[in-house]
Amino acid sequence: MSVEDGGMPSLGRPRQARWTLMLLLSTAVYGAHAPLLALCHVDGRVPFRPSSAVLLTELTKLLLCALSLLVGWQAWPRGTPPWRQAAPFALSALLYGANNNLVIHLQRYMDPSTYQVLSNLKIGSTALFYCLCLRRRLSARQGLALLLLMAAGACYAAGGLQDPGNTLPGSRSAGVAGTVHLHITGPGLLLLLLYCLISGLSSVYTELLLKRQRLPLALQNLFLYTFGVLLNLGLHAGGGPGPGLLEGFSGWAVLVVLSQALNGLLMSAVMKHGSSITRLFVVSCSLVVNAVLSAALLHLQLTAAFFLATLLIGLAVHLYYGSR
């Protein structure tokens, strides 16, 4: 298995085991995000500003990277730090910031279920930019595997979880009683396509930077998260009146911030040593973790769609990474 395929060639068993453990940990942390966020709700709403959580997450990642360099967990480059190599990461931060804000605005033009299903198009956009920007070729078998990932995500979003207390036709699987009408407007469809394109571009562009620069990953992350903190600080300050930076934060909210910070660091390692395609598989496999935790913590019910999605994900992993 090559690096382009998301593997780590010519490694001994200990390092291969650490790579596998990192992928499993990233999958678990990514899948735990939504259930943890649900546990933060007070009277059905998040009691803190979402921009506060994003800003604190970026700040936590920045501090962890700085600590890693200061204590020598990763070696500082010899000579004067190449600060000019920090500039390209500004575009990465801008793309990620644009994507985070698009997710919020998209909810005005479509229902959550439609968004969850159609947002799986970002798998296709990531594969497209992966081939164009990194000049990689995907075999027919690998292309089929990515199509199965898209189908699995759509299947799970369409009804992988169900609140057993909801018996109304058309009720949401997220656990809110009532009828929700599926809909999407023209502007919503255009914004969704833009979201998927930016999502794929941001992932592949960041991978390109991480791999081309001969710098420690912690220093590259330091560049990226410095721009991320500045961008999100501006968005938070310009967001108008609302709760303070730490207002409404509970123990669960702190855990959300810490887990998201850890996940960001793990994902950067995945893209530097693996690929954006590996990241797609981590995100898709995290649906299984999300469903299991939602069933255990939020008492939601697994449906046949969940088991079908799990089967499709397993088949996709086998097709992409199995012996060819």
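Using the three backbone atoms N, Cα and C, a Cβ is placed for every residue, glycine included.
Here is what TrEMBL records for this protein:
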type     : residues : note
TRANSMEM : 20-42    : transmembrane segment
TRANSMEM : 54-76    : transmembrane segment
TRANSMEM : 144-162  : transmembrane segment
TRANSMEM : 182-205  : transmembrane segment
TRANSMEM : 217-237  : transmembrane segment
TRANSMEM : 249-268  : transmembrane segment
TRANSMEM : 280-298  : transmembrane segment
TRANSMEM : 304-321  : transmembrane segment
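Among residues of the same chain six or more beyond the transmembrane segment (182-205), those with a C-beta under 8 A of the stretch's C-beta atoms are 91-92, 95-96, 98-99, 102-103, 105-106, 108-111, 113-115, 118-119, 121-122, 124-130, 133-134, 271, 276, 279. Most Cβ pairs under 8 Å to the transmembrane segment (20-42), among the stretches 54-76, 144-162, 217-237, 280-298, 304-321, belong to 280-298. Contacts between the transmembrane segment (249-268) and the transmembrane segment (54-76): present, as 3 or more C-beta pairs lie under 8 angstroms, all at sequence separation of six or more. Taking pairs at least six residues apart, the transmembrane segment (280-298) and the transmembrane segment (144-162) share three or more Cβ pairs below 8 Å and count as touching. Counting only same-chain residues 6+ beyond the ends of the transmembrane segment (304-321), those with a CB under 8 A from a CB of the stretch are 1, 5-7, 141-142, 144-146, 148-149, 151-153, 155-156, 158-161, 277, 281, 284-285, 287-288, 291.
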